[in-house]
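For reference, TrEMBL has these:
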DOMAIN    102-180  domain 'RRM'
REGION    188-348  region 'Disordered'
COMPBIAS  191-200  compositional bias 'Gly residues'
COMPBIAS  206-234  compositional bias 'Basic and acidic residues'
COMPBIAS  262-272  compositional bias 'Basic and acidic residues'
COMPBIAS  281-293  compositional bias 'Basic residues'
COMPBIAS  294-320  compositional bias 'Basic and acidic residues'
COMPBIAS  330-348  compositional bias 'Basic and acidic residues'
Amino acid sequence: MTQYLPPNLLALFAAREPIPFMPPVDKLPHEKKSRGYLGVAKFMADFEDPKDTPLPKTVETRQERLERRRREKAEQVAYKLEREIALWDPTEIKNATEDPFRTLFIARINYDTSESKLRREFEFYGPIKKIVLIHDQESGKPKGYAFIEYEHERDMHAAYKHADGKKIDSKRVLVDVERARTVKGWLPRRLGGGLGGTRRGGNDVNIKHSGREDNERERERYRLEREREDREGPGRGGGSNGLDARPGRGFGAERRRSRSRERRDRERDRGRGAVASSGRSRSRSRERRKRRAGSRERYDEFDRRDRRDRERERDRDREREKKKKRSKSRERESSRERRERTLVRKGP
């Protein structure tokens, strides 16, 4: 087809001239002669001395960073604690009471409790000379503990013995003697001392009762002694010693009666035994009535639930009986209708 094109178009399809040959500038790789691979011994002089090599930079991990910060904080706290212990002197406290042996320490106080409320509660044991309710120096808020100085040391001992665990403004307080100026080497809780056991660790080691540890030990020891006396009572009672021979009313009961008699005599000498015993008996009878009322209400509630369940079960049984009767009546009617149909079909 191209031979039929005009010359001007054939010129467009004409072949180009061949590429001129140029000799190679260098020999090909396989034509060259190489010296082969050489060692690096002659280059060792150019390397640096290993002694002069700097240590590699280590990156601190998250766990190491937290551990370092925790260690630094513990060191700061220990240093601050040592400095405060060296500067702490309980005899230089400005707002302290005069006589530490007549001073009572009250802890776990409700933050809303006022000084007048404390005075009303603790004047029962004797006349009070001074009350120091501790507040925060910066915010002015109460810190939950106070010091009460009595005019007589025996009143302080009575409050120490009987006021521990007393409920004031819906919170039970802890009562102890002042130890800062009476015990050598004593340190408060903020300086690593103290006798508190509510913040030792978990629930398995913390103290859960509201009171002194020694008071708890005394209660436990008294409970064990009472159980032992109850067990030994029938063997020691009656016979030649003149004690009552009824079970549980032997030597142990007589000793308890003598103790209570001595306690009543001491309270009567102070002129407050009748008031204290009547107040305690009234509170005990009030608590007993509350417990009885609560148990009676629980019993009534259980009785009501039981009656309601029985009535429901009875109603269900009635419904079942009605359904059975209706089904039986339907069966009788259907059987009667079938008999009538068969009779009609048979005819006379």
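Every residue gets a Cβ built from N, Cα and C, even glycine.
Whatever TrEMBL says is automated annotation, not expert-curated.
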For the compositional bias 'Basic and acidic residues' (330-348), distant same-chain residues with Cβ under 8 A (at least six beyond the ends): none
Local confidence of the prediction over the domain 'RRM' (102-180), expressed as mean pLDDT: 90
Sort the residues of the domain 'RRM' (102-180) into helix, strand and coil with DSSP and give the three counts. 22 helix, 30 strand, 27 coil
